[in-house]
Amino acid sequence: MARLGDGGDLLKCSFCGKSQKQVKKLIAGPGVYICDECIDLCNEIIEEELSESHEPKFDQLPKPREICEFLDQYVIGQETAKKALSVAVYNHYKRIQVGGSSRSSNDSVELAKSNILLIGPTGCGKTYLAQTLARMLNVPFAIADATALTEAGYVGEDVENILLKLIQAADYDVKRAETGIIYIDEIDKIARKSENPSITRDVSGEGVQQALLKILEGTTASVPPQGGRKHPHQEFIQIDTTNILFIVGGAFAGLEKIIEARIGKKGIGFTATLHGKRDLNTADIFSHVMPEDLLKYGMIPEFVGRLPVITTVTSLDREALIRILTEPKNALVRQYQRLFELDSVDLEFTDDALEAIADQAILRGTGARGLRAIMEEVLLSVMYDIPSRTDVARVVITRDVVLNNVNPTLVPRDSVVAKRERREKTA
């Protein structure tokens, strides 16, 4: 606290002890005083600490093979997509490492950004791939839905709201947000409604594609801090999108017909080989996708040009769905086993039960996303009863439980203890 000097009512700074005559300004608080020099010093310390914490570091950037191996721990299948994503992400952050799009001191080559387009049906892991990448690299990550976006000035969300989600994910640390990853889902829903340009304005289709162009390429965008529409009397957050990696995904229903028409029957003459539509399944067809197919689908050339990396994810078959249930680090079976373990009960699935769950997911057409819903339905009654019972040691889920809603097998605690004792005696 400031003290009075010998010469009268002379106030002193509570921090450095200088009198009001020795400083330019002395600011009073409730019982304390601070001088302008101490304020400047505090500002310097804070700015130094913030600049150190803000600067994202990519000194130990994992190699593409390491990125792919990390994805293998969480994502089953989709080898082509994982390889393409690993290379694209590595090149993107290597580009940031050497100074972004600026030219290096010993080279005149300018490194451009490579955004990614993921094509594939629902429930195949498009969103999960992007989430897992962001978690590995420890960068801010945001998911946006393209169906909610409209052109500026119309009812709906502006494209800048996507950037606000990323800033919020980075705790409003703009420097960190500028090296983050944004995943835009349902990108196929903003395709132009007709192949020919129309006189009527397409505010949720082509208009949104036009609005996204600059953000995808790299620009300094003005983002309203509270979201919503812009108005001239509000402050904006300035964010540079040059080093933000955009991954966009969509199911692109009907695109396979456009690809088939291009690669289908091209033969001419008696000796030409004709490739019928039956020769290729949907996964094979999508693997032949070209930018021209996306243009026919309704994406504008400028938009497709800003997504140089195009890769596909395939529908999950029965074997892949069973592996998803059991193999990843956070596999669904392990999650539910852990939940039961907290009630001191073992949960067991027979092989045919897992096959039945996978078959149900295929029938519903929901892919891996539907597995949890099926598991919840199967385990609902037993999860309701088990916490209130102390006599159950193990719950066994069989095929009949999944398909016919039969009660699961409950193994009493006494029999489990007796078996364990017999085993110990024989040993």
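Each residue, glycine too, has its Cβ placed from N, Cα and C.
Annotation for C38 (Zn(2+) binding site): same-chain Cβ neighbours under 8 Å, separated by at least 6 residues, are C13, F15, C16. Marked as Zn(2+) binding site by Swiss-Prot: C13, C16, C35, C38.
What Swiss-Prot lists as ATP binding site is P121, T122, G123, C124, G125, K126, T127, Y128, and the listing cites sequence analysis. With a 10 A radius on its CB, P121 (ATP binding site) counts 21 other CB atoms from all the protein chains.
Residues annotated as domain 'ClpX-type ZB' in Swiss-Prot, with sequence analysis given as evidence: 1-54.
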If you tally other C-beta atoms within 10 angstroms for each of the binding-site residues C13, C124, the top scorer is C124
Which ones in the same chain are close to Y128 (ATP binding site), with CB under 8 Å and 6+ residues apart in sequence? Y74, V75, A368
May I ask you to report the DSSP-based helix, strand or coil state of C124 (ATP binding site)? coil
Using Cβ-Cβ distances, find the residues under 8 Å from G125 (ATP binding site) that belong to the same chain and are at least 6 apart in sequence, listing them in sequence order. V75, I76, G77, Q78, A81, V313, L316, A368
DSSP on C38 (Zn(2+) binding site), three-state: which is it? helix
Test of understanding: give the count of other CB atoms lying within 10 angstroms of the CB of T127 (ATP binding site). 17
